[in-house]
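Let me begin by presenting the structure, written as structure tokens, before commenting on it.
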Amino acid sequence: MIKNLLSAGDLDRTDAIRILDTAEELLGVASRPIKKLPTLRGRTVVNLFFEDSTRTRISFEAAAKRLSADVINFSAKGSSVSKGESLKDTALTLQAMGADAVIIRHHSSGAPHRLAQARWTKGAVINAGDGTHEHPTQALLDAFTMRRHLVGSTGSDLAGKKITIVGDVLHSRVARSNALLLHTLGAHVTLVAPPTLLPVGVDHWPVETSYDLDASLEDADAVMMLRVQAERMNASYFPSAREYSRRYGLDTARLNRLPDHAIVMHPGPMNRGMEITADVADHVRSVIVEQVTNGVAVRMAVLYLLLGGAAGETEASEEGLS
Amino acid sequence: MSSYVIRGARLLGNDPVDIAFADGVITGIGTGLDGDEVIDGTGLVTLPGLVDLHTHVREPGREDAETVLTGSQAAARGGFTCVHAMANTSPVADTAGVVEQVWRLGREGGYCDVQPVGAVTVGLQGTQLAELGAMADSAAGVKVFSDDGKCVSDAVLMRRALEYVKAFDGVIAQHAQEPRLTEGAQMNEGPLSGELGLVGWPAVAEEAIIARDVLLAEHVGSRLHVCHLSTRGSVEIIRWAKSRGIDVTAEVTPHHLLLSDDLVRSYDPIYKVNPPLRSNDDVEAVRDGLADGTIDIVATDHAPHPMEDKECEWSAAAFGMLGLETALSVVQQTMVDTGRLTWEQVAQKMSATPAEIGRVANQGRPLAVGEPANIVLVDPAATRTIDARDTASLSRNNPYAGLTLPGEVVATFLRGRPTVRDRVLVTPLSTEGASA
């Protein structure tokens with residue numbers, strides 16, 4: 001198993017399936033009366049968030065706590081970082097405090113790589129979203145959700161499944177991580193966006209691309225809608241929010257053109273009425289809320305395998321995982 | 001002052017010959033020459049002192065990164081006897097006062113001539129011409145003007161600047177970067193920028209400005225110099241402009257000759273530079289352009305930064321790399337050892353032509369009797385593994401650290417006085433150059 005989780009591309013098929021299968025086992029913990037395992041007792045996990053993200057932070061926090069780790073939340077706002085402290089000094093401080101894992105969210109692409117490769121911390125580094133680069137645990141929870149609905153069995157991948165990802169791919173770390181992981185798991189990915197929101201060099205990615213959402217719905221097993229940031233709406237990436245919504249938004253008419261088994265996904269938070277209409281967001285085929293639940297299980301699995309794995313699997317299972 | 005003779009070194013890489021000099025002037029070239037001090041030049045190459053058209057010395061304002069003195073020392077170690085100090089200091093070198101200060105600090109240090117570059121616009125703000133004439137008339141005698149670090153993007157202002165400097169034979173050295181196309185840009189725009197999620201700096205942002213500026217230079221009949229050109233398209237535009245007879249010159253940096261954007265995959269800001277490291281195809285194109293004369297000179301864009309500006313996340317890091325102490329080695333590796341350039345041509349592109357573009361009268365002169373004794377002695381057979389700590393610069397942002405490069409400067413003479421002897425820096429005996 002890898003030491004850090006910096007990119008969805010760090011995971012080979014075996015590692016990815018191992019995480020998904022472990023998450024499958026851990027999902028049950030949430031429904032127990034006492035939602036806690038002793039696996040990471042005595043370990044310290046730091047949530048190092050340089051960028052606001054309540055959803056991701058509490059998901060990681062819940063995951064760590066359910067494994068009995070001690071959790072330190074570090075938010076850049078109001079901290080020494082706002083007084084000009086560098087990432088390096090922050091990391092050295094955390095190292096001095098004995099962090100076993102650092103979960104980092106940062107506005108700068110590559111910040112988790114710097115943290116891991118410059119050896120400012122000895123703990124495992126988990127990328128919780130860096131700039132416009134990647135968000136690997138989001139891709140894992142998405143893959144987990146897809147596998148539950150489209151395949152159903154543990155030990156399997158997503159071979160042959162057709163996944164359509166729609167929206168602002170250019171600025172989306174979710175899209176990058178999904179493109180890599182879904183390819184590793186054997187799925188066919190189509191990225192749909194206006195040409196202004198597809199990155200230069202996307203033709204080198206292991207995906208298909210399309211400018212036409214309607215043409216990409218008929219045989220999709222899952223459709224993932226990406227959030228459109230408000231600041232893009234007046235930056236000439238597209239003429240207007242209305243036009244974007246007409247051409248790339250998911251409404252009931254488009255939903256009805258999907259195959260019956262297809263699911264609708266969104267990493268959240270949603271702009272209802274922009275990339276997705278409210279009725280589609282709340283539709284029975286929408287698994288958006290379930291993605292959140294699955295996120296905790298997947299992050300538990302990642303923490304367990306990166307930290308608990310180091311202590312030896314037998315010990316972990318003795319502590320009651322299986 | 002002692003007289004020196006360098007015995008049996010290969011003059012401009014040609015046959016071995018003795019070269020004697022005294023009182024700052026070359027007194028003899030031949031065989032069996034004598035002097036107070038004899039330097040064995042066996043196996044070494046003699047070149048004229050190198051001239052850099054593009055150095056950042058950071059003084060005034062950021063003396064923690066580099067001073068005129070330490071920059072001059074790094075230059076001497078790299079074989080340079082003259083560097084042009086860019087204007088983006090704090091305060092900006094946009095007045096006669098600042099340029100004279102930089103010029104004087106260089107003379108007082110005595111390691112190399114520091115020729116200030118004046119800002120084109122007040123405070124590099126791109127809105128109002130700086131007092132170009134006052135800087136030209138100052139003791140520093142500024143001939144090169146540049147807002148380097150920023151592009152003179154306003155077409156009217158660029159036209160006026162090109163026209164205005166004709167009065168004193170000046171040249172505008174343009175940092176070609178269309179600002180809107182490069183907002184937030186972090187690295188070369190290409191497949192890798194998309195993959196890494198870093199905002200791209202597209203080649204067209206450089207090429208569009210170069211294309212515009214060569215047409216402006218043609219229209220007003222003035223001299224244009226293009227700083228640190230980095231793309232295949234830029235080379236093609238310069239080639240076209242020269243074929244039309246437009247008075248344009250261009251430079252390429254050592255790092256654009258050797259390094260490419262795949263290094264950015266490490267997210268290590270040591271590789272963050274502006275313009276960014278480009279693709280391997282661009283590297284090939286700039287090597288070709290330098291070999292065939294489309295690109296006139298190599299200029300270092302030596303850009304010192306303190307470690308805290310590089311030991312951080314990529315997007316927070318400063319743009320820039322050190323270059324003075326490794327430039328000749330990089331040129332040897334990429335151009336000489338590959339057979340693309342002779343040492344004679346290296347002398348042209350790293351000494352004579354940059355001095356000519358900068359209109360520096362006593363630098364970049366031929367190695368001939370009666371000429372100033374600005375001489376560098378190079379050991380082309382030496383190899384060295386670059387150590388970032390082994391530098392005269394106050395900064396350590398060296399992208400070549402750990403690489404093994406060929407060639408080493410054995411000695412540098414500025415007007416006949418050694419600034420480097422036996423591969424180490426020596427204190428200049430006096431500041432006799434102050435009145436030169």
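Glycine too: its Cβ is placed from the backbone N, Cα and C atoms.
Annotation comment: TrEMBL describes A:Arg55, A:Thr56, A:Arg105, A:His135, A:Gln138, A:Gly268, A:Pro269 as carbamoyl phosphate binding site. DSSP gives A:Thr56 (carbamoyl phosphate binding site) a helix state. A:Thr56 (carbamoyl phosphate binding site) has a Cβ environment of 23 other Cβ atoms inside 10 Å.
Residues near A:Arg227 (L-aspartate binding site) in space but far in sequence (CB under 8 A, at least 6 apart, same chain), listed by position: A:Gly167, A:Asp168, A:His266, A:Pro267, A:Gly268, A:Pro269, A:Met270, A:Asn271, A:Glu275. The L-aspartate binding site feature in TrEMBL is assigned to A:Lys83, A:Arg173, A:Arg227.
Annotation comment: TrEMBL describes A:3-147 as domain 'Aspartate/ornithine carbamoyltransferase carbamoyl-P binding'. Counted with DSSP, the domain 'Aspartate/ornithine carbamoyltransferase carbamoyl-P binding' (A:3-147) comes out as 68 helix, 27 strand, 50 coil.
The domain 'Aspartate/ornithine carbamoyltransferase Asp/Orn-binding' (A:160-306): residue composition by secondary structure is 59 helix, 24 strand, 64 coil, according to DSSP. The domain 'Aspartate/ornithine carbamoyltransferase Asp/Orn-binding' annotation in TrEMBL covers A:160-306.
Taking the Cβ of A:Gln138 (carbamoyl phosphate binding site) as reference, residues of its chain lying under 8 Å away and at least six apart in sequence are, in sequence order, A:Thr56, A:Gly129, A:Arg173, A:Val174, A:Ser177, A:Asn178, A:Pro267, A:Gly295. Sparsest Cβ environment among the binding-site residues A:Gly268, A:Pro269 (other Cβ atoms counted within 10 Å): A:Pro269. Proximity to chain B, taken as a Cβ less than 8 Å from one of its Cβ atoms, holds for none of the binding-site residues A:Arg55, A:Thr56, A:Arg105, A:His135, A:Gln138. Non-local contacts of A:Arg105 (carbamoyl phosphate binding site) by the CB criterion (under 8 A, 6+ apart in sequence, same chain) comprise A:Leu48, A:Phe49, A:Phe50, A:Glu51, A:Ser53, A:Thr56, A:Arg57, A:Ala128, A:Gly129, A:Asp130.
Largest Cα-Cα distance over the residues recorded as binding carbamoyl phosphate, namely A:Arg55, A:Thr56, A:Arg105, A:His135, A:Gln138, A:Gly268, A:Pro269, equals 16 Å.
Working note on the binding-site residues A:Arg55, A:His135, A:Arg173: by count of other C-beta atoms within 10 Å of each C-beta, A:His135 ranks first. Those residues of the chain, other than A:Arg55, A:Thr56, A:Arg105, A:His135, A:Gln138, A:Gly268, A:Pro269, with a C-beta within 8 angstroms of the mean position of the carbamoyl phosphate site C-beta atoms are A:Ser53, A:Ser59, A:Ala128, A:Gly129, A:Val174, A:Pro267.
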